[in-house]
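Residues or ranges marked as transmembrane segment by TrEMBL: 314-343, 355-377, 383-404, 425-449, 469-489, 501-520, 593-614. According to TrEMBL, the domain 'Major facilitator superfamily (MFS) profile' annotation covers 413-649.
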Amino acid sequence: MVSFLAIYFIPESGAKVSVELDCGDSATTLRSCYDSADQIDKCKVSSLSDSSGNSTATCEMSCGMTSPKMWQTVCEHWHIPKYCYSDARHIDYTAFINNVHANDSCVYMASNKVILDGFSYVPSCRVGSGYVDINEPCSLDCDNQNLANLIGSNEANMTCLDKMLNFRVCNNNTQDLANITGDSYSKCQASCELAPHAPWRLMEICEGWGADAAQTCRPGTPEPLPASLAFTGTVTLNTFMAEHKCVYVHLKQIQLEDGSIHYPYCGSKAAYQIGDELFHSTCDITCNNEMVNELFKSASESHADDSTQYSMQFWLFFLLMIISWVGQAVVVTFADAICFNLLGTKISLYGKQRLWGSVGFGLFSLLTGVLIDAFSSGAVKNYTVAFVLMFVFLCGDVLVSCYIKVESTRMSVNMMADIGSLLTSLPTVVFLLWTVAVGLCTGLIWQFLFWHIEDIAGLSCDGAAYVKTLQGLASAIQTFGGEIPFMFVSGHVIQKFGHTNTMSLVLFGFGVRFLLYSVVTDPWWILPIEMFQGITFGMFYPTMTSYATVVSPPGSETTVQGLVGAVFEGVGSSLGSFIGGRLYAAYGGWNTFLYFGIGALVACAVHALAQLALGRRAHLDADRGYTSVIKYGQENDTVHILEEINDAS
């Protein structure tokens with residue numbers, strides 16, 4: 001019980017989900033690429049893209065900033081000047097004056113072209129609507145003598161007028177003003193001072209001019225550069241789209257840790273820039289929308305290799321599952337032995353006792369599945385309710401077990417000799433091989449049936465919403481429609497047809513069941529197929545345990561039950577899980593069940609031929625060390641077994 005509960009407290013995988021930053025349609029986008037386009041969940045993408053226009057998701061992001069190109073992106077496109085240009089104190093460039101006019105004793109010299117660091121730009125600017133005029137002082141050296149005389153030792157101020165760069169000079173000399181007004185063409189060397197601790201001024205200049213390529217506009221953040229930039233991003237859900245093997249979504253805005261909000265636009269790059277020169281920084285991301293998280297997480301996992309799967313969480317889960325299954329095997333072995341001890345010679349009633357375990361399994365599988373769906377959002381399920389229910393009922397099991405008193409009146413004189421003589425019997429070997437074959441099939445169902453149901457449900461876009469409820473219904477039908485009725489009549493069936501024929505019937509049932517799984521494409525058609533659970537488990541388990549009990553030398557019943565349980569779960573089920581896992585990974589669920597179905601039918605035929613070859617003879621002689629002689633394969637072999645046990649006692 002402790003090991004099962006400890007599984008709940010295994011920490012989540014430390015694997016981080018990451019996306020890349022990209023630029024599309026003048027907006028920063030998040031890009032997450034899969035290993036192949038077939039792995040993209042088109043249903044999730046379609047569901048998100050159909051969201052209302054104002055639907056958003058908030059994502060906590062941390063982007064790697066070790067690349068200067070990423071800092072350039074932040075400075076030039078994201079309007080976050082505090083990270084850029086902090087060491088810039090001035091800017092030098094050549095301005096071409098094309099018009100001069102006077103207003104209120106001041107002259108405004110308009111420029112239509114500037115050259116900065118060897119690149120030519122149109123000196124556009126922004127003012128109003130939240131933008132503030134730069135208004136920085138500049139010294140001008142113009143080749144037009146009238147302009148030079150007007151400016152003299154005065155400084156001209158950069159300003160924005162009619163969305164173009166202007167230099168404003170205020171001078172009371174009206175004659176100088178009259179000499180230069182009108183169209184006047186001149187080239188001036190400008191050296192402008194920039195106020196310290198106001199990096200937004202240089203940013204406004206660079207963005208207004210589109211001067212991304214100029215060295216002056218490159219990031220100038222003092223060393224050391226921060227390794228990452230953390231912020232809260234808001235994505236617009238209806239902008240989700242899938243293209244090739246990647247999914248994209250627009251990053252609407254970002255909020256820094258200081259509370260400031262910025263809009264991460266990325267304008268068209270200049271013609272002289274290489275297309276992928278900016279962006280493509282990798283960011284760790286966690287969003288408050290489960291569907292968005294699932295898309296990004298699936299993309300990251302699609303690139304994972306085998307080495308990354310064996311994490312600390314995997315080995316913790318592996319260890320706890322081993323301990324749990326060891327404990328469960330011991331409990332099942334002792335429970336079956338105790339049950340047969342209490343039944344005495346009424347072995348055929350075992351099925352009627354065992355069916356109550358199926359009643360509990362069916363009821364609470366359905367209840368747990370419904371509750372998990374109710375407490376979960378999207379395809380990522382919350383299993384807390386399952387662990388809570390398990391803890392409550394395991395405590396009840398422990399309490400009831402403390403009050404069960406069983407006395408064994410039979411003891412084996414030589415346990416090793418009795419078990420050894422049993423294992424040398426050829427029919428017993430055939431029985432153990434049959435147990436392994438059934439274990440192979442059962443292991444596949446235990447580990448991969450629900451996985452297969454999820455794959456089938458994934459064929460439709462609404463499958464994730466009801467898949468756990470469907471799995472709960474499947475478990476309920478397995479028990480109430482299959483196990484319980486067949487366990488109730490198992491004693492009569494075994495008496496009527498014998499252990500041998502029942503064993504062959506179980507393998508045949510597995511073959512048909514698996515073949516049906518291999519062709520179903522509607523998840524709800526799984527439910528009627530689960531009726532086969534009556535044959536493949538409701539008949540199998542009483543057949544296996546009752547046969548193990550009746551062939552056990554007196555006093556060795558628990559040991560033989562443990563041996564058979566080890567062969568069934570330790571060998572058969574384990575191999576079925578391993579082989580099924582390899583096939584499932586390589587060929588998918590449909591083909592895996594097809595291959596196992598064919599194998600089960602072949603095993604059924606081989607088992608029937610083996611029993612025919614044995615000639616329906618008794619498989620244990622009276623001189624094997626104990627008195628029970630099994631007339632294996634007779635139609636009423638159980639009756640003979642019980643009669644001989646009664647005679648021997």
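Just so you know, glycine gets a Cβ as well, placed from its N, Cα and C.
Curation plays no part in TrEMBL annotations; they are all automatic predictions.
The largest share of C-beta pairs under 8 angstroms with the transmembrane segment (355-377) comes from 469-489, of the ranges 314-343, 425-449, 469-489, 501-520. Listed by sequence, the residues of this chain that lie at least six past the ends of the transmembrane segment (501-520) yet keep a Cβ under 8 A from its Cβ atoms are 431, 434, 437-438, 441, 444, 449, 452, 456, 493-494, 526, 529, 532, 535-536, 539-540, 543, 589-591, 593-594, 596-601, 603-604, 607-608, 611, 635. Remote same-chain partners of the transmembrane segment (469-489), defined as residues 6 or more beyond its termini with a Cβ less than 8 Å from a stretch Cβ, comprise 351-352, 354-355, 358-359, 361-363, 365-370, 373, 449-450, 453, 457, 523-524, 526-528, 530-535, 537-539, 541-542. No contact links the transmembrane segment (425-449) to the transmembrane segment (383-404), because fewer than 3 Cβ pairs that are 6 or more residues apart lie under 8 A. Mean predicted confidence for the domain 'Major facilitator superfamily (MFS) profile' (413-649): the pLDDT average there is 79.
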